[in-house]
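Look at Swiss-Prot and you will find Q87, G105, E106, G107, K108, T109, D512 tagged as ATP binding site, backed by sequence analysis. For 868-909, 924-963, the entry in Swiss-Prot reads region 'Disordered'. Marked as compositional bias 'Acidic residues' by Swiss-Prot: 874-886. The Zn(2+) binding site feature in Swiss-Prot is assigned to C949, C951, C960, H961.
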Amino acid sequence: MIDAVLAKVFGTKNEREVKAMLPTVAAIGALEPQLRELSDIDLAAKTIEFKERIAQGATLDDLLIEAFAVVREAGRRVLNMRHFDVQLIGGMVLHKGKIAEMKTGEGKTLVATLPCYLNALGGQGVHVVTVNDYLARRDSEWMGRLYKFLGLRVGVIVHDLDDQERKDAYNADITYGTNNEFGFDYLRDNMKFRIDDCVQRVHNFAIVDEVDSILIDEARTPLIISGPSEESTDKYYKINRIIPKLVRGEVIDGKEPGEKYTTGDYTIDEKHKSSALTEEGVLKLEKLLNIGNLYDPQNIEWNHHVQQALRAHVLYQRDREYVIRDGDEGPEVVIVDEFTGRLMPGRRWSDGLHQAVEAKEGVKIQRENQTLATITFQNYFRMYKKLAGMTGTAETEAAEFYKIYKLEVVVIPTNRSMIRKENTDMVYRTEIEKFRNAAKEIKEYNAKGQPVLVGTISVEKSEHLSGILKKLGVKHEVLNAKNHEREAGIVSQAGRKNAVTVSTNMAGRGTDILLGGNAEFMTKDECLKRKVAEKLTEDQVQYVADEHFYYFTHNEQFYRVRRDLWDEIYKENKAYTDKEHDEVVELGGLHIVATERHESRRIDNQLRGRAGRQGDPGSSRFYLSLQDDLLRIFGGERMQNLMLRLGMEEDVPIESKLITKRIQKAQEAVEAQNFEARKHLLEYDDVNNKQRQTVYGLRRQLLEGEDQKQRVMEMVQGIIEQYIDMRCPDAKHPDNWEMGDLRNDILTQFGYKIDLNELASLSREEMTNTIFDRLQAKYQEKEDLVGADVIRQTERIVMLQVIDNQWKDHLLSMDELKQGIGNRAYGQKDPLVEYKKESYELFTAMMDRIEDETVRYLFFLQVNTGSGPVMPYPDEEEDGDEDSVEEEVRPDPTEQQRLAAKSTMEDFTRNVQRKKEREMEQLQFVGGDGSSTPQQVVAGQKVGRNDPCPCGSGKKYKKCHGS
């Protein structure tokens, strides 16, 4: 109440923030006349001037007014687009590291040029993050003309670029790319063996387009790089045959308060999208699988596969969560993004769920993959020194943006007043009535020529409504995951007279719906039909203004056409679309018909936002039924009772603001539930993130070539101290120390047989120092033989290889820990606290193994001089006195032997690097919107027990690292 009164007197916080920027907007405008007087060369030279001033101590804030004015003038000259004052405000909001909420059609793409240019002047790079490759290419080409005019370099990161192309793109001043590609490049860089192979620079400043989609909707989807697992697919087939034999039950209230009973073999909780076996179901499965107790530790894999198969059968439906389409190796399961309706061909559900769906659908089951590297978008984007975002719908999630990312949301005023009419929801009893009446309204609007965009929540529902419209004789386009390739073309013409477009949620982003049609798209199509457009390679594309040719893309292919011809065709089309625009405006603009409320208000707002852009008229209406998931699951009994009181008859809707408010309350409840799920994920991933930062930080030190000899010697010292503590504890008298075991420990770990007589009268500290001195001398002998440079390179390669292998195993252990940690709640323990505690223990154990394995590799690595090994190995020692070792007197190696030894070590490092490169080619990339298509997964060749050990020791695998 008090907040409302204060807002009326002083304005809201958002209004005050926007008002505070108006003097800066005026200052930018004041520079416009003098900048217009500059030649193109002088205007572009401002970039050099700004960089020089930064070098002399000026801050980016000091340059903001002048830099924004320069970009505004460059936009006018190069793009024929002058930034509106509200766009300048949007640019300032982004520069401050906040989220700018700008309505559809307000020019977010152009707004980004202002902070991009200003922040690129600092020389550390700016990343512009988009939701798909199409937008990354389009925006880099479109806005790239402006940046290149001002002397900045522009790069774009899309799938199928090699490392050098990626590196060049990241070294540009401004880099466009998808969230997937940026995240995967970060993970890939932390799997490389050479610093020169790394492609990313520092994470300086990122502007995330459609920030709500990337940082909210996809926050629960981690990016995963995986390699092939050895697990068989037989269990999936066996369990898949059994699940259909189970009978669905329900949860029934007992006589006592809080008492619950279950019937059947399993139950479904639609509110939380989960399924659970009943006691009867568990007993039936144990009998059918013939495995005894399903919850015995030895049956943990069976239990896991059963739970996933149950989910696949009862929670995941074809043409809703996924579609079946032809792939390279036959039919395949492709996920449909629940928020956009787009296909996600590169993405697979984890933990065996995708395989369970494949078994259910009878398509070829792909083997589960083992995670090699993973990160959530939440933790990736929090690495940037400064983060900003743009979207048309962020205000409803403002609290989450601030709590998780410390990002404030500022709503930018529209350039022209919004005059869209938002009609009250129409609620029917059944889904059949809802679709029947929605189709009638679509036909009525279509009959008078008004364009209609229809929103549905799934492929299945879009095709159902399409069938009804066909029967009514309404000509229309269908846009869903099955024909997404035509998305941009269909959406761009959805504002034409008589157009009816039935779409899933995917029509919400990327392409404006212009009333009367999009003249640019029409001109592209006409140029292609007339065959006057010349196909180009990417290298031939010109970004700067070209008086002879106009460049454009179509279906990710580059073209150019003579500028005079383009201008002629465009002028004709523009005159036509302008005339049609006025006719559509007279009819009332674009009308939105939504056939269901989404769980998130943002998705509903995105659909509404397609109408009424830039001051155009428009209208929207939602058609709902009591059978819709949101109303049925989350509306509750109060909603049902309210409907009955209002009185419902067949084909007679209830049109009530009270109902609309109740629906919004249900949506808020779902959003709160989803926020808790994302927050819960982040709490667990923060544990992994700290460990990832430690491991990746260590790798980075190695890649940057820091001298690791001291680190290796510290490892040696630490291992010796562990052995001394274990075999010669303070609590025991020296006569009871386990000296023989100590000797064997050192022999096994370092390949060195210590002289027990030499240690007989020494204290623990003296023993540690003596053993360390002997091992250090042995290591120095190897270094003297091959040279310091070669041994340093070998240390680096060995440590990287060991870290990667141990990290891979650690991620598997962490996955297994996370799967079962929820059960700790039954023992009155906090699962998160337990997870933190046990994951720390796992991490400590991994770091110890890294040290042990690294030292063992380095000490056992065979150096061949061309005349046999230089140093003895444990299984090659001659039998002799167990307590004494006669020190071998070895002549100094010849120069020829040194060269042979050096060559051996260099061959080893080269072989390891080649092996790593082959492994990198076999990786699979999973996550986000699936725009990164997986590369072929090829199982690595298994090492036989009698094969030479890959570590290079020269021994058989079974006697070295296979022991």
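Cβ from N, Cα, C; glycine included.
Mapped onto this structure are the features recorded in Swiss-Prot.
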| residue | record | DSSP class |
| --- | --- | --- |
| Q87 | ATP binding site | helix |
| G105 | ATP binding site | coil |
| D512 | ATP binding site | coil |
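Here the binding-site residues are Q87, T109, and the one ringed by the most other CB atoms within 10 angstroms is Q87. Those same-chain residues not listed among Q87, G105, E106, G107, K108, T109, D512 yet with C-beta within 8 angstroms of the centroid of the ATP site C-beta atoms are M102, T104, L110, V111. Fewest other C-beta atoms within 10 Å: among the binding-site residues E106, D512, that description fits D512. With the fewest other Cβ atoms inside 10 Å of its Cβ, the least crowded of the binding-site residues G105, G107 in this structure is G107. Close to K108 (ATP binding site) in the fold, though at least 6 residues off in sequence, lie G90, A100, M102, D209, M390, T391, G392, each with a CB less than 8 Å from its CB.
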